[in-house]
Amino acid sequence: MGTRAQQIPLLEGETDNYDGVTVTMVEPMDSEVFTESLRASLSHWREEGKKGIWIKLPLGLANLVEAAVSEGFRYHHAEPEYLMLVSWISETPDTIPANASHVVGAGALVINKNTKEVLVVQERSGFFKDKNVWKLPTGVINEGEDIWTGVAREVEEETGIIADFVEVLAFRQSHKAILKKKTDMFFLCVLSPRSYDITEQKSEILQAKWMPIQEYVDQPWNKKNEMFKFMANICQKKCEEEYLGFAIVPTTTSSGKESFIYCNADHAKRLKVSRDQASASL
């Protein structure tokens with residue numbers, strides 16, 4: 001019995017800083033063979049004091065899901081090309097982090113300062129379909145995408161307008177908003193247009209136009225829905241130059257990765273000046 005256990009090949013995995021192991025399955029494997037290797041590997045990892053065991057299964061190895069679940073694994077998250085399962089094998093409390101809990105969205109207040117008009121759209125589908133509501137261009141920030149670049153991308157995709165990010169004006173948090181489970185973080189941003197001729201994204205946008213800010217604010221929908229009323233008020237104050245938002249300050253993490261801090265626009269300017277002066281003195 002012991003000799004047979006020694007002959008069973010263990011699954012190869014990459015250890016992490018939290019006494020965990022991630023197994024990335026690549027080669028096709030019979031589910032019974034996989035079960036034997038998994039059992040032997042789990043026994044080995046317990047002896048080593050490992051805690052969280054992750055198994056990454058590509059679409060082509062979906063036949064191994066049932067076997068993994070039978071050995072105590074549970075779903076953690078899925079992407080288009082793989083499923084991630086996890087099992088906590090330690091006697092200590094389970095500290096496996098939850099799956100991603102938030103989706104980040106952004107709305108764009110694009111201001112034409114010459115005419116005091118803002119860019120608005122009517123959508124072909126979704127919540128606002130057939131409601132005759134003119135709304136700001138909005139969209140979801142992609143994985144690995146910064147808020148300030150994502151909101152500009154959405155504006156160009158929906159309207160053809162090229163615009164530069166200026167500030168984050170406000171943000172709101174809404175629970176159970178995505179798939180009745182995930183939390184939606186929505187950032188209201190102001191952008192400055194570099195072009196003014198509109199080309200609607202026919203697949204999503206019914207029509208788009210430049211609208212006087214007061215007309216946007218006075219829409220019945222904005223009047224009767226408090227959250228939209230507050231957002232519209234912030235937009236109006238920004239158009240009247242009576243509101244200061246959060247600008248970006250480029251920086252780097254301790255590992256050298258590029259990152260951005262969002263802070264009061266006035267203070268952001270001071271931080272940039274201070275950094276430039278320090279760089280000039282080197």
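Just so it is clear, glycine is given a Cβ too, placed from its N, Cα and C backbone atoms.
Swiss-Prot lists motif 'Nudix box' at one of the ranges 7-28, 139-160, 205-226, namely 139-160. Residues 103-108, 110, 119, 121, 168, 187, 189, 191, 195, 197-201, 204-205, 208, 248, 260, 262 of the same chain lie 6+ residues outside the motif 'Nudix box' (139-160) yet bring a C-beta within less than 8 angstroms of a C-beta in it. DSSP gives Glu158 (Mg(2+) binding site) a helix state. Non-local contacts of Glu154 (Mg(2+) binding site) by the CB criterion (under 8 A, 6+ apart in sequence, same chain) comprise Ala106, Ala108, Pro137, Thr138, Gly139. DSSP labels the residues of the domain 'Nudix hydrolase' (101-233) in these numbers: 31 helix, 58 strand, 44 coil.
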